[in-house]
Amino acid sequence: MARLGVNIDHVATLRQARGGTEPDPVAAAAIAEFAGADGITIHLREDRRHIQDRDLKILRQTVQTRLNLEMAATDEMVAIALAVKPEACTLVPEKRAELTTEGGLDVRIHQEALKVAIEKLQAGGIIVSLFIDPDPDQIKVANKIGADYIEIHTGSFAEAKSWKEEELELIKIENAVKLARKLDLGVNAGHGLSYSNVKKVAAIGGIEEFNIGHSIMSRAILVGLDRAVRDMSELVRYA
């Protein structure tokens, strides 16, 4: 049965829009856990556009399930992760001009720097995942440099313009899962997943955790966060 990791970045985005203290992502994380989330995911960006250092520190003290920190593989972020010690870190690409993470890491190009970051984080007892496209070459290099997990970037599937394109993207994801499992890599998935499409990916099998944020927070505005998390959790677990 797959797990649901709830990304609460958008709660912080709303707070930062007015520069105040509400809504508090710490409170949102607690509600998500009460509703059945198996973990909480946050992205501490270098520009601190949404999640703040304060959020990370308090969440480390309050999260009762698992805390997954998305981060760039920089010296600053590695040092922060080692000080706070989330259960897991997901290394992601980061561009200051992007609205959200636009694609997977190019592990082949950055493998030396990523290997150093992975080794430091693992030495601190942290599970390390790499956010990558469902590309066999990227998966093989992720395994080569010692990652514990990959998180498959599902954005191309979510943005497919036709049924045929969607099917082709699903095949890529399925093949990526099979290869990662063959290499003894754990597999997570995320980006662009919603109430209308997540079951198609979950039905593939072999994916341990789905990290979902925007779709849950969008529904939460209409039905409340508790209900939104429960609905998504049911889709993920019983696909």
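We number each residue from 1, going along the chain as drawn.
Each residue, glycine too, has its Cβ placed from N, Cα and C.
Site annotation (Swiss-Prot, ligand 3-amino-2-oxopropyl phosphate) includes R18, G192, G213, H214; from N7, N175, the additional listed residue is N7.
H43 (active site, proton acceptor) is 7 Å away from D9 (1-deoxy-D-xylulose 5-phosphate binding site) when you measure Cα to Cα. In this structure, the C-alpha atom of H43 (active site, proton acceptor) lies 4 angstrom from that of E70 (active site, proton acceptor). For the recorded positions D9, E70, E151, the largest tally of other C-beta atoms within 10 A is found at E151.
Maximum intra-site Cα distance, 3-amino-2-oxopropyl phosphate binding residues N7, R18, G192, G213, H214: 26 Å.
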